[in-house]
Amino acid sequence: MKVLAILYRGGAAAKEEPRLLGTLENELGLRQYLESQGHEFLVSDDKEGANSFFEKHIADAEVLITTPFHPGYLTAELFKKAKNLKICITAGVGSDHIDLNAAVEHQVQVLEVSGSNVVSVAEHVMMNILLLVRNFVPAHEMIERGDWQVSDIARNAFDLEGKVIGTIGAGRIGYRVLQRLVPFNPKELVYYDYAALPEQAAKAVGARRIEDLKDFVSQCDVITVNAPLHEGTRNLINAELLSHFKKGAWLVNTARGAICDKDAVAAALKSGQLRGYAGDVWDVQPAPRDHVWRKMKNPLGGGNGMVPHYSGTTLDAQARYAAGTKQILDNYLKNKDQEPGNIIIGIGKYATKAYGQR
Ligand code: NAP
């Protein structure tokens, strides 16, 4: 059996730190496990274009492993070439780099390690909300420059207490964010999701559901995006929706970059319609050097908390998603049932997730 893994290059850091399991060098800790059973294991970070390692070897691989951090984009076109492919495993959470309709059509299963990094991301969301509201990044940059002008920072710094904070998507990550926000004494916690939270869960965090998206965004001081990328969320946050935001709101997106219109976000930040934007996800990864989100600023020279995609790949998370990937592979090889919560696409069909499985 041929197993193809597309992972990012870890360089010197990966040699020095073996717990960087999600790298090309450390191969999710799978080589010995696979080769001892006689399987072929190919790993590369070369994923773009017709002559890439990815496109060459997808032609006869039976298993594809990739991460959302350095995704091998498996398009409908590529599915046609992938004659031998049976299963795609996402080492992490979020399988939008795979054309899911094509996976259904070609009877290829798609699984991910659900829950493996949800705490990691929820903590990053908390950090992002705080660093925007407290105007942290320009304050630190000022210190590095050798300057000291408190008023330049304080004029755009606020308390989180007393704010209305909302999540788009109240699943595993969104709900954990709501839980972590409770001790900050917000004015109100709200959420926008297809389904209502179970009554007990909503009560535990005191969150109110708002069913209309424009109504939702117009009430929030802080919005965090925690929904998957799909046809219904691509470009969801565009110029039109941003015009319904409260003037000077903060937006945090650690879900997927393409949920936001990049130019509309940059324009809203520049005009002050948004006071801040932070996150770790980009519409293309790696993000090009001239991506507008790298340097965009609000009128007071701050409000940008962008970093590379790493919120869900802490060393703790890597241990969990590497172990989860191995378990999915093991189940596949032994023809055992997979964890229902890990199945995104079963053979020829979308999986349905009950709330209790999250
Ligand atoms: P989850 O448990 O499936 O929760 C997602 C929630 O969003 C579900 O309740 C879902 O409802 C809801 N939803 C779907 N479409 C929506 C829409 N149009 N509007 C409002 N809500 C919508 O997933 P999760 O584990 O919390 O992860 C959420 C996303 O975070 C992932 O899909 C991934 O893209 C991203 N993520 C990022 C990182 C990172 O490192 N930055 C790491 C992990 C995950 P239904 O279940 O009814 O569809």
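Note: Cβ is positioned from N, Cα and C throughout, glycine not excepted.
According to TrEMBL, the feature domain 'D-isomer specific 2-hydroxyacid dehydrogenase catalytic' maps to 32-336.
For V93, N117, the entry in TrEMBL reads substrate binding site. Taken residue by residue with DSSP, N117 (substrate binding site) is part of neither helix nor strand, so it is coil.
The feature domain 'D-isomer specific 2-hydroxyacid dehydrogenase NAD-binding' is assigned by TrEMBL to 127-298. On the 0 to 100 pLDDT scale, the model's mean across the domain 'D-isomer specific 2-hydroxyacid dehydrogenase NAD-binding' (127-298) is 98.
All protein chains considered, the CB of T254 (NAD(+) binding site) has 25 other CB atoms within 10 Å. For R172, I173, D193, P228, L229, H230, E231, G232, T254, D280, H309, Y310, S311, G312, the entry in TrEMBL reads NAD(+) binding site.
The Cβ of R256 (site 'Important for catalytic activity') has G94, D96, P228, L229, T233, V281 as same-chain neighbours under 8 Å, each 6 or more residues away in sequence. The DSSP secondary structure for R256 (site 'Important for catalytic activity') is coil. Sequence annotations record features per position, and here TrEMBL assigns site 'Important for catalytic activity' to R256 (among others).
Residues within less than 8 Å, Cβ to Cβ, of H309 (NAD(+) binding site) and separated from it by at least 6 positions along the same chain comprise P68, F69, D280, V281, W282, Q285. In the three-state DSSP assignment, the secondary structure recorded for H309 (NAD(+) binding site) is coil. The site 'Important for catalytic activity' feature in TrEMBL is assigned to H309 (among others).
For the NAD(+) site listed in the record, the two most distant Cα atoms among R172, I173, D193, P228, L229, H230, E231, G232, T254, D280, H309, Y310, S311, G312 lie 25 Å apart. A simple Cβ count within 10 Å picks out one of the binding-site residues N117, S311 as the most packed, and that one is N117. Least crowded of the binding-site residues (V93, L229), judged by neighbouring Cβ atoms within 10 Å of its own Cβ: L229. Sequence-distant contacts of D193 (NAD(+) binding site), defined by Cβ-Cβ distance under 8 angstroms and a gap of at least six in the same chain, are I168, G169, A170, G171, G174, R209, A227.
On a Cα basis, V93 (substrate binding site) lies 18 Å away from E231 (NAD(+) binding site). Neighbour density at the Cβ, taken as the number of other Cβ atoms within 10 Å, is lowest among the binding-site residues R172, E231 for E231. A distance of 12 Å separates the Cα atom of T254 (NAD(+) binding site) from that of N117 (substrate binding site).
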